[in-house]
Structures are given as structure tokens and as C-alpha cells.
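Engineer: So Swiss-Prot lists these for the protein:
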- 16-58: region 'Disordered' (REGION)
- 21-38: compositional bias 'Polar residues' (COMPBIAS)
- 144-172: motif 'Q motif' (MOTIF)
- 177-363: domain 'Helicase ATP-binding' (DOMAIN)
- 190, 191, 192, 193, 194, 195, 196, 197: ATP binding site (BINDING)
- 311-314: motif 'DEAD box' (MOTIF)
- 417-462: region 'Disordered' (REGION)
- 438-451: compositional bias 'Basic and acidic residues' (COMPBIAS)
- 446-602: domain 'Helicase C-terminal' (DOMAIN)
- 826-859: region 'Disordered' (REGION)
- 844-855: compositional bias 'Basic residues' (COMPBIAS)
- 885-939: region 'Disordered' (REGION)
- 918-927: compositional bias 'Basic residues' (COMPBIAS)
- 1043-1154: region 'Disordered' (REGION)
- 1043-1061: compositional bias 'Basic and acidic residues' (COMPBIAS)
- 1098-1133: compositional bias 'Basic and acidic residues' (COMPBIAS)
- 1134-1154: compositional bias 'Basic residues' (COMPBIAS)
């Protein structure tokens, strides 16, 4: 502020300067900003700002501060209040001036970076610089490109070299918001594979200027939920920050030290991580648990953190990380910039208040409607719980076509050739299934043959023939992972496995083998569902269906990334159908059965020649072939257990463990909504044997129900179209045909392809006939029971009983059929049935009347009910009433609807007369019209539009909408203890005891009996005492290191203040040398000995002094009194005295033995 006043005073604005000083308030912020960007117009704008008429902006800070022009108001305040008010005004003005200065500096640097970035882009496009600086053809300029964001030229060059020419939508909106001044918190949401990692790494590197800061303290902190994700972020960040050239100042070198990165994850040695943190890293990528452990153990000062990122924020803020984040957030400074990124984020930012967001964060929420990639194709299979393993083997062998055995990874030359082929294929406008598409575009243009080997962005070392078959399998628990690992390894597949409690070194080895293509399958829990980029991955299998839609989005997000195609295969049991219905509501996509969809697509034509189903925008549910399932089930139950190998012993044990884990897993997961449970029950009921009997009785014997699930009699008729025709979808058979073509050549391939196509069609035809025959056999119901075989009439009581029972069941079956037909007519799903009923209504009425006369003496009431429901007393609908009574004039919408229906059905009803056709069309129009009472213009629903998706995104959806009212009320209620009843009495605690295995007895289980000691941190949070064990102090004493305080400057020689031993030390031990030069001393000093020879000691005097004799006597007396026995001399003296008495004829001593 003082600088601005001096500047204005030098320009002749003394009056305005004096008025500004007396007011002790800041100028208008807009004016200050503009003046800082255009210094030559400051005086003019300041004059304009001083006019009361021309200043339309209102400054809250200026209005709240007292002005010198108001003497009355100032006079009413005391001197201390006036002083405090002036001090507050000065602080506000200083802060605003700092913000204006920072904004001005940022704008100047941004303009300079944009200008320099354009030069970098031009050089790259024109090809003036050869080698690494040369880029492929493409447009890299424009409003949405990276160089228009004001990035540093070195960072822009690094992005362009690696093929990142155009930012993704999330990067285009998030990066400018993050880099704005003053810094603003950002909450970003975009689907998986959309580039969220670069959206926060690019501003991070640009903010650190690509160089290491000599000031001690962490500058940026990135928190992520899993270790693999942390390693991936570290690899991407180091790659982007490589090759940075800093701006050289006066007397400085442009080649400074690169950014120091640190990764802090669990499973690693604490001593190594102590050394990493003492190395003063700039960026720390960590998991919350281990980072909190180091923070408490080392007592880290996090006040220097300016940039905090919560990657996969919805997972971080769930219950598992509440304690870790609470303590860490209290240690972070309030002036930090906080970023939250995830693929599934709720719209309500109230759920993220723990992150300490500022008052006005920016929400960037993209792809909220699509949620998953448009290149992802999904297939859902209905399976029995006991046949899940068999279904997995059928899927891997017959559909995906995963090869058996461990595959050898390609060498670097073959990989480079493959990347060049992939880049050439992209010229046709198609996205290759090879990895590293962006990298391949630039890689083929460079002359550096080793450049591509350094950056394997799509996954290092993937083998060419393994790319279409790399598959990741998601399971519920680690016990399922171990069980499937044994099963698939025994079957012959090369598998890797990862779960949370696995050792970190083993996890790295397993992931590396899968990335290099040696293993075809990766069996994991949900620990690998977050953020891990596996570009070679094309197939994702959900062995256990995810209970939450958010989990499904993250699982299938591992494939179909960066424009590549991908497949998601999900197995669903009848118990998991409600979760599938919840997923359908969350994705807002239709859920249809495979046989219904393919029949509608064929439209009366041959099913084999129909087009492929739209698996991108629909959820298609089908079954698997029964023959293949039976073969695999027999293999698992017999072949694996009836051997003498160790597998036969381990397999049943692991299966039992997995079954028990499944039971506990089902108890712990959230429940689906009540509406989804209702729909799931209806789906299961439609394929039951009772509904099949109803259809058979009504003359629809050959009709397949809409929903035919696994275990129903007609499941063979509902096999998924992907399994029946995999070549249509480019799966197993197409890959085999390509392999045969490459092996035999194009000349000999014509006959082979034709012969193979004929065989495939013949096999498909035979499979369809076999499925139809098996479906008829499964749906067969005999006309007679075992009590009626070979018996005529009512010869036996059991035969008469079954005959009467059958008549009663027929009545109930007809009643259920009528109810089902009416329900379909109301819901709009029975249009075809209504047409048939209109044509055959007279025949049905005549048949029912004949049945009434024949059975007049039996079940009159029941037949009357059936007749009432079907014919005699059928309730008239709205169309019949309107046809008989013209009560009101039809509305405009009704007239338009009738006209549209008339124009569509004229061709099909041209043979009828005009009056009859008009009446029929009017009635059909009224029946087909929606019967809902909701007017879209005025109806207010009890739910907000899009509430289903928001419930799926919600973090606490386990108790928000899935539970009943009683459960929700119990979660938020609390009880108060009655004071009157126990007033004046001592409350007794229950006698809770537990068995101690060491003491072999029951002991009292009191507080602290579990031996879990807690400590309270400075912020008041209680943490386990193991977080402060003193290992860091021991490590400092062992390494002889003194950690600098936050904000201090590093020393030139050492990164930390290390008390290093002398240079001549050996193995850390001190070694001193004689370096002092002085004259030797005379020999008289040492006597006859040499220098360094020890002194000769005199002989020990053996004559005791009186004091020593007295001490020895005292010690001897103490020993005698302690022993309580007479000494040996006393015993001898007593014996001699007795002998003398016996010699003189006297008696011995009293009590002596004779």
C-alpha cells in the first residue's frame, strides 16, 4: 500500500494520496488489479476511482473501517479501540496488497509462459529441432491446449514430447482453476481413465517450478488409498518432471536439482522411511496409515505444506481412514490448497467437510450421466452359487480364450516394433488395442531408438499375443483370492494375486509379472479397483458382484481406458440380483434378458444372422450353457479332489474357508433397496416352474419367459448371445481365425474359412436344437401322479383325492393367470396379449360357459370367481366408456395421439371398413396410452430428479436409503440413563470375565485388559501408543543426525545436519592419529621405562593392619551368628572334656548318648 501511495504521490496525486492515508482503507480491488497489470494508467484510474459518482463497486472492508472524515464516530471510540482498529485496518490492507501483488506476478508470468509455450510448440511442429524435440503432425495450438494455460516452457515441452498434445475435459477445466490466483480449492469428478492424475500433477510441478526447494519442509502432500496407486503416481510424476530447465538468475546455474519425490506406504522399513523424510523431499506420496505413523513418531511439522491432494477422495473419507485423516488434517496449515479427485463423488460437498475445504471451492463434475466409458461392453451372467467356479472356467476358456501356461515377455526390440505398428494403425482413425497410444504417436517419429524403451506408458514389456487375453478377476475377500489362485493354477493358468495383507515386496513382484505379460490373470480384491492404470488390460471379471454401484464403476474402470475397447464380465446369483437392479438405476440403462433382446433385434429373421447386441448402452443378462457347466463342475468336484497330490488336500480346506468368508462378507455389506428386492423376486418368479405351468395351461407352451435365470427349467433357452456367437463380438473365434490366417497365408485361407464357417453354423444349429429339447424335458409335467398310474376312475381313495386336488389347482392356476394378464395390461407390457384377447374373446366366453354347465355341481363359487375375473363381469376400462358415452371433448394431446396412431396403422388395416377401423384404433390408442396420473408439467415427485445416482455416489449410503426406518432411527437416536432410579445407590458393573490361555483360568476383563495403550496427541486425538515408540530417537542417535526445523535452509555439504565421524574413521568408529609436533620429554620423567609403557606396580604388603584384623573378626562373627552352629574348635573342645570325665568314672554330660 505504501508503494502504491508513493507512486501516486510522485505522479502529482498528492490530494488523493493524503485522502487514502487518512482513510486507512484499501483501494478498490478491481482497480488495484487493473493498475498492477497496466502501470502506465494507474494515475488516471486512481483519479477515476476517487470520484464518488463514477465508483460503482462497493468494498466491504472499506465500509467496515472507520474513516478520518467521520470525526464524530472516531471521537466516540477510546484510544485503545482506535489503535486496535488502525492495526486491523493495516493488516487487512497489507493482506490485500499481498494478494494483489501475487495476482499481478502470476498474470505476468502466465503471459510470459504462454508466449514462450507458443515458441516451443512451433519448434516442435516445424521440426526445426531434431531428435527428442520433434513432434508428429497435429494441432497443438488453441484455446484448450496446454500452451494456453500458462505452463512453464520446460513442462510444456515435456508434455508435448510424451504425446500429450490436447488436454482431456477434466484437465481443461481443473488445471486453470488450480493455477488461479489466489489459490482455490477444487473438487474434481470424472470417469475412470480420463486423466485425473495429470490434472493435479501438472499444476503441482508448475507450482514447484520443477526444482527442489532448499528450504526444509514438505511442500506438497498426495494421499491415496492403496500402495499400487502411490507407486503409479510416483512413476507418472517423475516422468513428467524429467528434463526441466529452470530459469537462471544472476550468477546462478540453470541446471538445478530436480524435485525430490518420496513415497511412504505400509509394509516398508521404518528406518528407511526415516532416512527418506530426513532427505527433505518436496513431494510426498503416501497412504494415510503409514503417513500418520511417521508424522506422530517423528513429530513432523507440516506447516510448510501448501498443496494437498486427496486422490480417490470418497474412499479416503470412509470409515477406514477417519482416525488417520483427523490427526493429519489438524497438523496441516489452514492456508493450504486442497484438491479432491475421484471417479465417484457426491454432489453434496457437506460429506467432505473433514477435508477442510475453503468457503468457496470449485466443483468440476464431468461425465456424471455416463459414469463409465462409452467403449466398455458389459455382459452379465446368471449363475448358481455352487457353479461360480465352473462358470469362471467356461468364461476364461470358451469366451475370452485365455492361453494356458506362463507366457514369455517380448524383448525391447519386438516391443518397439509393436509400438510402431500400433502408431501406424492409428492413422486410419481407429484406436489400437496396443498399449501406449499417445506414446506411440511420437515414438514412431523420433530417431532415438532407446527413447521408447525408457517410457512404457502402457505397461512395460507386454507380449503381443497376450494383449487380448489379459484379465483381472475381482473377488470379495482375500480367502476367495487364495481359493481361486489354487483352482486356476491347478487348471493351468499363469496367475498373479494381490490383496491388502500381502507383503509389499510380494505385491510388487506379482504386479510386475502381470504388467510384463508373463501372467495372464490377476486375481485381486477391491484394493486394485482404485486408480491403478493397466493399459494392456482388456477384460475385467467380477467373480463376486459388487454391492455398491461406486465399486462397480471403479472395477470396470480398469479397462476401456484412454480410448481403448474393453469388456466387463459379471457373474450374478439370485441373491445378488437386487444389487444388479440398483446398478441399473444408478447407470440409468435398460436391463434386458439376452434372448428377449436378440429376438427383438432379429425381428422374425434368423437369430444367427442378427446383428450384435448393444452391450455399450444396455445391461444384458443371460445364462451359460448347461453342458459346459456340468463338465467343469465335474472336473472341480472329482478330478481336483480324487488325486494323491497336495492340491487334493488343500482344495477342500480352502473352499471351506472361502464359504465361511462369504457368509461373513454377506453380513457386512450394505443391503439393496426395497424396490430392487421386489423386482428381483419378480424376475426369479417369472422363470419358476409354476409360471411355466400357467403358460402351458393358457396355450403358450413354447413361449420363453422374459426372465429365465440359472436353475430354471428353461435356462438353456436364455444362453447369453456372447457365448453363442463370440465371433460376432470379435472374441475367441475371431482371434483364432486371425492366427490361422497368419499361419497359412491368404491363398490357402479361403477354403479353411468357408469350411470353418459352415462347421460353426452347423454347431450353432445343433446347440440350439439341443437346448430346445433340454428345455422341453425340464419343463415337462406328467398328467398323472404316481397314485393314478394304471387306475381307471375313482378305484382308490388316493386317486380320487388327487383328482379333486387337481381340479382345485386348475382353478387357482386360472385365477393366477388372469391376475398376471391384468397386471401386464396395466403396466403396459401385455399389448400383444390384449390383441389376442380381443380376437379370441368370443371363443373364450363360449368355452367358459360350457365349462360352467359341465361342472355345475362342483366348485360353483370358484368357477364363478374365474368367470368373473375373465369374462362375465369384466370391468369396463376407459376406452369402452368413451366409445359408448361421449362425455367430454378429447384434449389436444389425445387428438394428436389418435392422429399419429391412425397414420401408423392405416396400412395394416386397410381391408376393414372405415367405421370399424376407426373404433378399433381409438380403443387401442386409449389402451396403449399411459395410465399414469402424473402430469410432467405440474407433478412434484417425492424424490429429486437424479436422486438415485446421488445415492450411489454417497459415502454413507449404507444407512441413507437401504435400511428400514427403524434402522435409520436407531442409528441417530440416543438414550439417557435414568438418574432417579439409581439416585444414592452404587451401580454395579456386570461381572465380565474372559478365559486366559496362559493362566488357564477366567480373569476379570477390565479396561485396558486387552493391553492396547493409547496416547493423546497435541490436537487431542487418541492414537495407539505404538505410533510413538521411540524408534526415531534411536535411529537419530545411531545415524548421528540432527533434523533441521521447518523453514531452515539446507547446508551445502549435507542435506541434513549430520554429525559425521572423522574422515579417517573405519566402519563408523573413531580413529585418532598423533598429529602434534613437540620435543620429546626427558627420560627422567619416565624412569627406566619407555614412553607408552605402563607403570610398574609395587608388591602387595601382606601384613594386616589393626583395622583389617578387626574387620575380619566382625565378618567371621556375623557368619557364625548367621549359621547358628558352633565352630569346629568349640566342638573339638567339648569332645575332649567329655572323654576326660568318662576316664575318671564319672557321668558324662546331661543328655549325652551312651
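Heads up, the Cβ atoms here are built off N, Cα and C, so glycines get one too.
Note that the structure is predicted; figures quoted are calculated from it, not measured.
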Engineer: 10 Å Cβ neighbour count around residue 195 (ATP binding site)?
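Structural biologist: Total other Cβ atoms inside 10 Å, all chains included: 18.
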Engineer: Note the mean pLDDT of the domain 'Helicase ATP-binding' (177-363), expressed as a whole number.
Structural biologist: 85
Engineer: Among all protein chains shown, how many Cβ atoms are found within 10 Å of the Cβ of residue 191 (ATP binding site), not counting that one?
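Structural biologist: Result for residue 191 (ATP binding site): 22 neighbouring Cβ atoms inside 10 Å.
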Engineer: Please work out which residue of 192, 194, 197 has the most C-beta neighbours within 10 angstroms of its C-beta, and give that one of the binding-site residues.
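Structural biologist: Result for the most crowded candidate: 192.
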Engineer: Would you identify the secondary structure of residue 192 (ATP binding site) according to DSSP, in three states?
Structural biologist: coil
Engineer: Which of the three DSSP states, helix, strand or coil, fits residue 197 (ATP binding site)?
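Structural biologist: Residue 197 (ATP binding site) sits in a helix per DSSP.
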Engineer: So what sits near residue 196 (ATP binding site) in its own chain, CB-to-CB under 8 Å and at least six residues off in sequence?
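Structural biologist: Long-range Cβ contacts: 170, 188, 190, 311, 341, 342, 343.
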